[in-house]
Amino acid sequence: MELLALRWVLLAGTLLSTSAASSALQEGDLGSITVIMDMAPNSFDDQYVGCAHVMWANLQKLKCTEFARNYAYAVGWRKAAAEWQKRWGYLAHPMQLRPEQAIALLAYSAASNLYQQFNAATRQGGCSHQYYVHFYHFKTLHFLLTQALFALRASQPRCYYVYRGVRGIRFMTQRGKSVRFGQFTSTSLRKDVAVNFGQDTFFVVKTCYGVPIKQFSFYPSEDEVLIPPFEVFEVTNFCTGNGRIQIYLRSKGKMSRHNCELLKPRGGQWGRGHQEVGLGLSPGLALPVLPCSNCSCWGSGHRAGDPIPAAV
């Protein structure tokens, strides 16, 4: 495949005007901002249906190109590759994931600014084909994380009840609304872990496309479950009280506006149109409702807005 030219450098701060800052806010930040949840229409949500083999064939060259243009990505990958070598480099038997997939998960979960840059870019990377081609410098990381989650889910397809805590951001929505995170979103199987990341907004989520990545995380004690950007959720409850928000989400299926986006210039045989998959409600038990202390539950909201930055 003839690789597309990557010609311009993404200007610092471009995404900040349209997306929320990371929930890992530093001490001393003043107050909380308000962000409205929606279907994240600008998200880059490719599932690479029918073209994964082509992406794999060109992965190394594209990855080197992105490393040259993205210092944080190159450094994060190098650190993750060293960790992979330490954990599994001398195993005689094959792993559940390819080395590149495992390294991608390690790089995402590391304590660095890579995941923040990646999530901010992913929330806006699908606003147009040209924007994706020229400004989205995480094409390989997105592909590898997507493939890793597919591979892990294939071995144990089930739903999980998870939690997500956010500090410094109050998310607004309404009961019955369909929403997406629009990025790879970290959650935890443990409520106490999620609480430590913040309670300005606290999510209780039933995910059927997110998968546990404990084995491939820099911080296995966090019991992380990683949710892909294309999973759709129904808001089953929205509570507010004592300056805090609680949002309950139930998996509704998955939806992508992009497919094989990188290959579109080669004749348009891939990635045409608006792809929707499995928008029926996922089977299983109803989402458990936890008590909201001194809060009211809303059934209405205001307007649509940005998806959620990584908190865990």
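Glycine residues also receive a Cβ, built from the backbone N, Cα and C atoms like all the rest.
Of the cysteines Cys260, Cys292, Cys295, Cys297, only one is given by Swiss-Prot as the disulfide partner of Cys51: Cys260. Partner cysteine of Cys208, as given in Swiss-Prot, is Cys159 (from among Cys127, Cys159, disulfide bond). Secondary structure at Gln183 (NAD(+) binding site), as computed by DSSP, is coil. Looking at Glu224 (active site) and Cys51 (disulfide bond), their Cα atoms lie 29 Å from each other. Looking at Ser217 (NAD(+) binding site) and Ser186 (active site), their Cα atoms lie 11 Å from each other.
Note: the Cα of Cys208 (disulfide bond) and the Cα of Tyr108 (NAD(+) binding site) are spaced 21 Å from each other. Look at Tyr108 (NAD(+) binding site): DSSP puts it in a helix.
Sorted by the number of other CB atoms within 10 A, the disulfide-bonded residues Cys51, Cys159, Cys208 start with Cys159, the lowest.
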